[in-house]
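**Student:** Following this message is one structure expressed as structure tokens.
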Amino acid sequence: MNKMKNFKRRLSLSVPRPETIEESLAEFTEQFNQLHTQTNEDGTDEPEQLSPGMQYQQRQNQRRFSMEDLNKRLSLPMDIRLPQEFLQKLQLENPGLPKPLTRMSRRASLSDIGFGKLETYVKLDKLGEGTYATVFKGRSKLTENLVALKEIRLEHEEGAPCTAIREVSLLKDLKHANIVTLHDLIHTDRSLTLVFEYLDSDLKQYLDHCGNLMNMHNVKIFMFQLLRGLAYCHHRKILHRDLKPQNLLINERGELKLADFGLARAKSVPTKTYSNEVVTLWYRPPDVLLGSTEYSTPIDMWGVGCILYEMATGKPLFPGSTVKEELHLIFRLLGTPTEESWPGVTSISEFRAYNFPRYLPQPLLSHAPRLDTEGINLLSSLLLYESKSRMSAEAALNHPYFQSLGDRVHQLHDTASIFSLKEIQLQKDPGYRGLAFQHPGRGKSRRQSIF
């Protein structure tokens, strides 16, 4: 025991040396273990009666520490001090499981945290109401972040609407910076609630706010983001089928995200037959207007062209109120289709029945003068009668129109925002408010189309 006291005294009076903490601890541990071994071998120290507290301290002092143990301790934070009830809630006090969690166990763990429970979210304002659903602005009690709660009423005789099932099944697998994120799903006897990330504006509101006069640089940034999200969907054989400004959500940073996948479909083969009762009338391609039920990703590209025109001019391209009027507006601008511009069109019974006048095509530049030459070229490549001839989203991303955005926008990870690049910034809009972006207020619902 005297040897131990002398050793501790020498250690406390020693002069610090320029060595690392690990080296000092390693040397101390080695000397301590050697001294302990020598003491046991010499047998010179007389055993003395120790109190229980001193016995515990002695056992702790005699414990051998490896360098692995020391490194583990050095890598820990100084003092975490997490509340015990929080640790119990997350079950962090239990040792790690030797095997990966099963799907059922993982669901149970998420449920313990609060996912999948209606009481986890607080409803704030009603954003709008439709036939099957009501959308609320809400807040998560877990994260304190704002969310959008899409509450779908369940009819007992019908169950969940097919649009809701479709939206959930598709969105749960889509992880992209330009696609709205589905955070949670809550199923009760009376409702199905989809919890989305909250974006408090959309492209329609943005246009209204800037007096329908956007900066052309901002048009390019929004267009690139739209194509980026759509290319991600099309690469996974998913068609949106309902593109319009109200379904393109925008946050305060200017990030644009595809939303409202209620009409979207996973396309297994190009020839699969679908319903032609899809897509808002103004953004519906002529082949669908004439009754086509066999289509692929080009159905979305016509709508992209209409949205590009609307951003550049501040007004919708083909605002028809009926199918016949919609076709009439299209043919007056692009010319009445012929077998040369649209092979097979004369064999479509609906086309023959309408008996349209023979319109000649008009130059797009005279209708969208703010678009530059490359922009007009891109628009022309999207507004083609023959669906398979329309430019794809992937090809459109590489169009010279976007060259001014630089090369780095094409190298981003799917989940990375283009605004993570310092060279990508919105500019002032020349509209009556003259702001690059500002929230359009906290008033009425931003859209009805989410239902």
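In case you wondered, yes, glycine gets a Cβ from its N, Cα and C as well.
Pulled these features from Swiss-Prot for this protein:
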ACT_SITE  Asp242  active site, proton acceptor
BINDING   Leu127, Gly128, Glu129, Gly130, Thr131, Tyr132, Ala133, Thr134, Val135, Lys150  ATP binding site
DOMAIN    121-402  domain 'Protein kinase'
MOD_RES   Ser12  phosphoserine
MOD_RES   Ser51  phosphoserine
MOD_RES   Ser66  phosphoserine
MOD_RES   Ser75  phosphoserine
MOD_RES   Ser109  phosphoserine
MOD_RES   Ser417  phosphoserine
MOD_RES   Ser420  phosphoserine
**Student:** So which of the recorded positions is most packed in, judged by how many other Cβ atoms lie within 10 Å of its Cβ, out of Glu129, Asp242?
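**Tutor:** Of the recorded positions Glu129, Asp242, the most buried by Cβ count within 10 Å is Asp242.
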**Student:** Rank aside, I only need the closest one: which of the recorded positions Glu129, Ala133, Val135, Asp242 has its C-alpha nearest to that of Ser417 (phosphoserine)?
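**Tutor:** Among Glu129, Ala133, Val135, Asp242, Asp242.
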**Student:** Please report the DSSP secondary structure of Ser420 (phosphoserine), reduced to three states.
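**Tutor:** Helix, per DSSP.
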**Student:** Measuring Cα to Cα, how many Å separate Asp242 (active site, proton acceptor) from Leu127 (ATP binding site)?
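**Tutor:** Roughly 20 Å, rounded to the nearest whole number.
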**Student:** Relative to the Cβ position of Ser417 (phosphoserine), how many further Cβ atoms are located within 10 Å?
**Tutor:** 18
**Student:** Only counting partners 6 or more residues apart, tell me which same-chain residues put their Cβ under 8 Å from the Cβ of Ser420 (phosphoserine).
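**Tutor:** Listed in sequence order, they are Leu412.
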